[in-house]
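Peer 1: Before we start, here is the structure in question, set down as structure tokens.
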Amino acid sequence: MAAKLGLQQTPPAESDESAGQTTQWALGWAQRLGAEDRDRLLMELMRWFKHDFFKWAGKLPCPGCESDDTHCLRGTEPLDHERADLAGRVEIHECKACGAEFRFPRYNCPGKLLETRLGRCGEWANCFGLLLRALGFEARYVLDWTDHVWCEVWSDRVSRWVHCDCCEGPGTIDSPLMYEAGWGKKLNYIVAFAPDHVVDVTRRYTQDFEALKPRRNAASETVIETLIFDAHRQAARTATSSDATVTRTRLLMEQFSFMDAANRDLKDAEQQGRVSGEAEWKRLRGEDGAGAAS
């Protein structure tokens, strides 16, 4: 159902019947594309998503007077109807112009996000991931323990998983080193979640894993590996035998590919600070590039 809703965000339909036809047409068309055209579609999808579809939740406009002179006061627990759409927390914002307070639920339900089209990196990655899967892309949700999320997409053209951060736009596709080298983040754990597997992908996102290792101190490496393997084993139960064989082959290839990160030259996109978000917010998070190694 969520995937169908995602497809219906593309060419508008005038009725339920035509919406269903549009859904089937879009999915069939996307799946018939060759490998290079699929990668071009990915780039155009990200461009549309960032610039036309989804909005960044910076200073939220007041629902009463529409002033954008607002700020976050505090967090609170979600109400039942907010929790139904997987809101784990709610921000209370205040309008400095009229004094009103209003709620900003941090929804995690991709279907709900198709309605709100508003959020920060978590909402962006959730909703973009839904649209990717609706168009037949194989996509993973990537969680960075230093407070960021994005997607990875399987590319048949290059036969590997490709980094895709919809918050930053199509110019940053396949730029995994931008968080460390451009933003200046001190990374520790980065884990990718797919419907049929879970894998630690930290090595893709750093040029110096040995320098990063002391920051991986939440538990011993053995404990972390066990936790990730248990999560992977649980996810793998959903796969068919043929899919499981493909996944095992890809995961093995991926481990070998991690060895290349230290030797790769940085792209221009990997040497810039964060694009999304307001300047002061990025500075406070240490993601504006000021702390990046020169």
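Even glycines carry a Cβ here, placed using N, Cα and C.
Okay, these came from TrEMBL:
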- 1-21: region 'Disordered' (REGION)
- 7-21: compositional bias 'Polar residues' (COMPBIAS)
- 113-168: domain 'Transglutaminase-like' (DOMAIN)
- 267-294: region 'Disordered' (REGION)
- 267-288: compositional bias 'Basic and acidic residues' (COMPBIAS)
Peer 1: Using DSSP, break the compositional bias 'Basic and acidic residues' (267-288) down into helix, strand and coil residues and give each count.
Peer 2: 11 helix, 0 strand, 11 coil
Peer 1: With DSSP, how much of the domain 'Transglutaminase-like' (113-168) is helix, how much strand and how much coil, in residues?
Peer 2: 18 helix, 21 strand, 17 coil
Peer 1: What residues in the same chain, six or more past the boundaries of the compositional bias 'Basic and acidic residues' (267-288), come closer than 8 Å to it by Cβ-Cβ distance?
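Peer 2: For the compositional bias 'Basic and acidic residues' (267-288), the far contacts come to 56, 58-59, 120-121, 147, 167-169, 171-172, 175-178, 181-185.
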